[in-house]
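Inspection log for the structure reproduced underneath, given as structure tokens.
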Amino acid sequence: MDIAIQHPWFRRALGYPSRLFDQFFGEGLFDYDLFPYATSTVSPYYRYSLFRNFLDSSNSGMSEVRSDRDKFMVYLDVKHFSPEELNVKVAEDYVEIQGKHGERQDDHGYISREFHRRYRLPSNVDQSAITCTLSADGQLTICGPKSGGSESGRGDRSIPVTRDDKTNSTPSS
């Protein structure tokens, strides 16, 4: 029986996705985003920095879906978009969120952003009562109450995005 020997300096998990694919639209790049495996094979003493671990852990909750007995909720970080640049609608059994803004100047140059998200709604969500709120810190909250029936308020419709001046700390559970 052969046993594969793995060197300690090469134990870096190869499955970690790069921040290029995360939801940090235009937040800048780090060296390990462009060359993720070069630094782990060069030095046997290389370790992740504490700052990198913090960034990876802060990824959770960027888009969060909650469904309990009474309501269905979606939390989405859209801090780079204003309510006028967001379009939220219910189409068939999905809630769709689109955001788009033109070219703007930031610290790194010029950037334009666009995204499209779709979330399947449970069959007992009252689609006619779905609301959408954007908090002051850029957290979009979509809330739909659940009803006893299975076909309440079905159909395509646009949902207005209302602005809330309070910050939203609910998703970090």
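Every residue gets a Cβ built from N, Cα and C, even glycine.
Through the fold, the compositional bias 'Basic and acidic residues' (153-167) approaches residues 83, 86-92, 95, 126-137, 139-140, 142 of its own chain, all at least 6 residues removed from its boundaries and within a Cβ separation under 8 Å. Look at Swiss-Prot and you will find 153-167 tagged as compositional bias 'Basic and acidic residues'.
What Swiss-Prot lists as disulfide bond is Cys132-Cys143. Neighbours of Cys132 (disulfide bond), defined as other CB atoms within 10 A of its CB across all chains, total 22. DSSP assigns Cys132 (disulfide bond) to a strand segment in the three-state reduction.
Here the domain 'sHSP' (53-164) is broken down by DSSP into helix, strand and coil counts: 11 helix, 62 strand, 39 coil. Positions annotated as domain 'sHSP' by Swiss-Prot: 53-164.
The N-acetylmethionine annotation in Swiss-Prot covers Met1 and rests on similarity to another entry.
The feature region 'Disordered' is assigned by Swiss-Prot to 143-173.
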Would you mind checking how many other C-beta atoms are within 10 angstroms of the C-beta on Cys143 (disulfide bond)? 16
Taking every residue in the domain 'sHSP' (53-164), the average pLDDT works out to 86
